[in-house]
Amino acid sequence: MSDVELDHEYWMRHALTLAKRAWDEREVPVGAVLVHNHRVIGEGWNRPIGRHDPTAHAEIMALRQGGLVLQNYRLLDTTLYVTLEPCVMCAGAMVHSRIGRVVFGARDAKTGAAGSLIDVLHHPGMNHRVEIIEGVLRDECATLLSDFFRMRRQEIKALKKADRAEGAGPAV
C-alpha cells in the first residue's frame, strides 16, 4: 500500500470516529474531516435531527469550520474525507467552496451525488470540478451504516409490538 493510500485510510478512520459520534446522538452515522496541508481544519458528523437543521450534514459542518479556520470561503487545496458519498446539497457546497478533492467510503445508490445517482462534482455546467476518490474503507463505512439502520428497524419493530400488546387489553 502506498503512502498516499495509507494517508487516505488514516483520515477516513478519523471520519469513522466522528460518524460514531453521530450514532451516539441517534443521527445517521456519517462523519467528515477537512484536511489542508496534512492538518485538520474542519470536522463534523451528521446532526440535522438534534440541531433542527436540514443542512447540518457532516460535510457541511466540516466545510463551515474550514472556512473559519482559513478565513476564506474558498477552501482551495483541501481534501474532504467523508464516510458516505455526498448528497446533492453537500456536493454543491463542495463545488462552491472549491475543495480540491473528496475521498469517500461507501456509495449511496439512493442519493449519492458523486456518481451513484448523479455526478454534481463533474457536471459540465459547474464552474469547478472536484477530484473524487471512492471506496476508502468502503466495507467499514457501509457496515456502520447498515448496522445503524438495522438497529433502528429493530427498535421500531419493538415499539410497534409493545403498542399492540398495550392496546390488546385483558382477555375476555
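Please read every residue number as a count from 1 along the shown chain.
Just so you know, glycine gets a Cβ as well, placed from its N, Cα and C.
According to Swiss-Prot, the residue from His57, His122 that belongs to the Zn(2+) site alongside Cys87, Cys90 is His57.
Taking the mean position of the Cβ atoms of His57, Cys87, Cys90 as the Zn(2+) site, the remaining same-chain residues with a Cβ inside 8 Å of that point are Ala58, Glu59, Ile60, Pro86, Val88, Met89, Ala91, Ala93, Ala113. Each of the binding-site residues Cys87, Cys90 was scored by how many other Cβ atoms lie within 10 Å of its Cβ, and the smallest score goes to Cys87. Secondary structure of the domain 'CMP/dCMP-type deaminase' (6-117) per DSSP (helix as H, G, I; strand as E, B; remaining residues coil): 46 helix, 27 strand, 39 coil.
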